[in-house]
Amino acid sequence: MALWRGLRCCRRAFAWLPVLLIALLLLWSYYGYVCELCLVTVSNPVEKVAYLVVFHILFVLFVWTYWKSVFTLPIQPGKKFHMSYADQERYENEERPEVQRQILAEIARKLPVYTRTGSGGIRFCDRCQLIKPDRCHHCSVCAMCVLKMDHHCPWVNNCIGFSNYKFFLLFLAYSLLYCLYIAATVFKYFIKYWTGELTNGRSKFHILFLLFVAIMFFVSLMFLFGYHCWLVSRNRSTLEAFSAPVFQNGPDKNGFNLGFVKNLQQVFGEEKKLWLLPIASSQGDGHFFPMRALSEARNPLLTNEEQWEEDGLDEEPQGSGEASSLAIERET
C-alpha cells in the first residue's frame, strides 16, 4: 500500500513537469523580450514604449487564460445522476445483464439522458457509480467523470471539459498571438544582428532564441487552435470527433450541431462582450445540451431535409431553436 501511494505521488509530481516547462519558457520570454530587446537593444523610446505596452497586454492575457485552464477544476455530474444506495445494491446483486440494463433504464427515465452506448444501453460508469449525462466521460487520469469532457491535456495537467473549455480555447488563441507578436517584432533586430549592424553578444543570443522558439510554438499552436475552432463550429468534442455519440436512432456525429452561431454560443455564451475574456459564460450547466435529434423529432418537416448533412449545416431553423429552448426548460 505504501509503495502504491509513493508511485501515485511520483506520478502526480511528474504530471506537473509540462506545466513547469511552460512557466519557465514564459518567464524566460518575458526576460528576453523586456530586458534584452526593449531595454537593451531598442533605442527608439517611442518604439520601446509601444513594444512594452502591447507585449504586457498579451502577456497578461496569456498568463490569465493559462492559469484558468490549469486551475479550473473539472465539474462532476450532480447528485441526481448518482445511484442511490438501494439502486446500487439492487444493480450489483443482479447477475443477469438484461435485468441490469432494465434497472439502468428505469433510473435514467427520470434524467435528461439521450445518448446511449454502442449496444443501445444506458451509459453507466462502474467506477463512479453514476448514470453518465450526455457528453460526459470518465477520465482515467483524473479518476472521475467529467461533464462534456473534451480530452485530458498534459500541458495544463487538467481535464478539459465544460468548466474550462472556453479558457482552453482562449489560452490557445492568446498564446498564438503572443508568439506571433514576439516573432514579428524580434525579426527586425534578428536581421540587424545577423548583418552585423548590432553586436551585443548576450542580447543576440536571447533574440535569436526568442525568434526560433516563437516561430516553433506558433506553427504547432496554429494547427491545434485551427482544429479546435473546427470542433467548436461543429459543436463536437475531441472524443466525439473520433467516436460519434450514439442516440436512440443510432450514431450521429452532428447530433449536437445547432448551426454555427448557436454552436459558438454553446461555448462562449450569448454576451459577445464576454467572448474574449477568461470569464465563465458558457450556456447551461453541463448536464444537458440541445440536440438536433430532439428538434427533428418535434418538427417532422425537418426529418429528411438535406440541410442537416454534415458539412452543410450553417444556420438553425427557427422551429429547431424553439424546440431546443423548450427542451432545456423542461429538463433542467
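All positions are counted from 1 along the displayed chain.
Note: Cβ is positioned from N, Cα and C throughout, glycine not excepted.
Copied over from TrEMBL:
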COMPBIAS  306-317  compositional bias 'Acidic residues'
DOMAIN    122-242  domain 'Palmitoyltransferase DHHC'
REGION    305-332  region 'Disordered'
TRANSMEM  12-30  transmembrane segment
TRANSMEM  50-67  transmembrane segment
TRANSMEM  167-187  transmembrane segment
TRANSMEM  207-227  transmembrane segment
Contacting positions for the transmembrane segment (12-30) when only residues 6+ beyond its ends and CB under 8 Å are counted: 59, 62-63, 66, 70, 141, 154-157, 182, 210, 213-214
Secondary structure content, the domain 'Palmitoyltransferase DHHC' (122-242) (per DSSP, counts of residues): 70 helix, 17 strand, 34 coil
